[in-house]
Structures are given as C-alpha cells and as structure tokens.
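J.: I have a structure I would like to understand better, so I am pasting it below and will then ask my questions one at a time.
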Amino acid sequence: MAAKQARKRSETGKGGSGVRLLNKDVISAFVLLAVSVVVYLETAGLNEMSAVFPRYIGLLLGALSVIYLVFSLLKPSAKGLWEGTNKGRLAAAAAGIAAYTGLIWLSGFLIASILMMFGFISLLGGRESRRPLRLLQAGAIAILVSGFFFVLFKYVFIVPLPAGILFGA
C-alpha cells in the first residue's frame with residue numbers, strides 16, 4: 001500500500017494530490033508544437049510567395065501550442081490520458097479521416113470534404129443528429145462550409161486543389 005502511494009506521489013508531482021503534470025493536455029501541446037516546427041521547417045525549400053501561408057500557419061500553431069502548454073502546466077488535469085475519452089467516437093473519427101484521405105484522391109477535395117463533414121456531423125453528433133431535419137441541416141452546413149473553403153483556397157489563395165481521378169486528375 002505504501003509503495004502504491006509513493007508511486008502515485010512521484011507520478012503526480014504534488015504529493016499524491018491526484019494532479020498529473022504529464023497529462024493528455026501537456027502531451028497534446030508538445031505534439032502540436034512539434035507539428036508546428038515541422039510545418040515551419042518544411043517551408044525552407046519553397047519560394048517566398050509559396051511559403052507565406054504555411055509559414056504563418058506554422059507560427060500561429062506554434063504560438064497557440066505554447067499558450068496551451070503554459071495553461072496545461074499552470075492548471076494540470078487530474079484525469080488520466082484516456083479517462084473521459086469515448087474510444088468508439090475517437091476510432092470513428094480516425095477512420096473518417098483515413099477515409100477522407102482516400103476519398104480526396106478518388107473524388108477530389110470538394111466532394112470528399114462535403115461527404116466527410118456530413119459524416120462527422122451526422123454520425124458523431126449523437127442520436128439527435130440523425131433526425132431528418134438535422135440531416136438536412138448537416139447536408140446544408142457541409143455544402144456551405146466545404147464550398148466556402150473550396151472557393152477561398154482555389155480562387156483567393158490560388159492553391160491548386162486535388163480534382164480526384166474520377167473528375168480529371
């Protein structure tokens with residue numbers, strides 16, 4: 001019993017108060033910070049115009065990750081790494097993202113984005129989201145948001161988006 005309490009004290013860093021300094025928020029902040037560094041470093045080989053958008057996204061992600069890390073360390077969570085996480089929804093989201101990646105290659109950015117967003121809203125939104133009116137709203141939101149980002153990236157930022165092998169890529 002004493003060994004278990006000593007281990008708990010050493011894990012928490014606060015005398016066994018149940019607060020873990022290395023929790024899912026701290027780990028997430030470090031992962032996001034690492035992603036931001038990779039994004040920023042990958043812009044080194046690009047010309048100046050091509051590097052602007054990803055460089056600023058990397059810097060913004062890095063700054064937000066540092067803020068997230070500071071808040072996670074100042075007010076650590078007592079929850080464990082997977083405590084309070086719906087593993088079924090997490091698996092469904094991961095599968096949806098993997099399917100989205102394949103669907104972009106097949107059908108292109110716009111159609112894949114509409115289908116992915118509709119799926120996420122309707123399937124991961126709970127039972128309420130599967131009623132006919134909610135499904136109609138999910139479809140409208142998916143079309144509007146995906147269409148907005150398609151126009152923004154294709155015509156404003158002039159970023160070539162994948163058309164998919166079904167539609168001419």
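Just so you know, glycine gets a Cβ as well, placed from its N, Cα and C.
TrEMBL annotations: computationally assigned, not manually curated.
TrEMBL lists 27-162 with the feature domain 'DUF1468'. Annotated transmembrane segment per TrEMBL: 21-41, 53-74, 95-123, 135-157, in sequence order.
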J.: Short question: which residues 6 or more past the ends of the transmembrane segment (135-157) have a Cβ under 8 Å from it?
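T.: Those are 53, 109-110, 113-115, 117-118, 121-122, 125, 129, in sequence order.
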J.: Residue counts in helix (H, G, I), strand (E, B) and coil for the domain 'DUF1468' (27-162), per DSSP?
T.: 112 helix, 0 strand, 24 coil
J.: Over the domain 'DUF1468' (27-162), work out the mean pLDDT and round it to an integer.
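T.: Within the domain 'DUF1468' (27-162), the model's average pLDDT equals 91.
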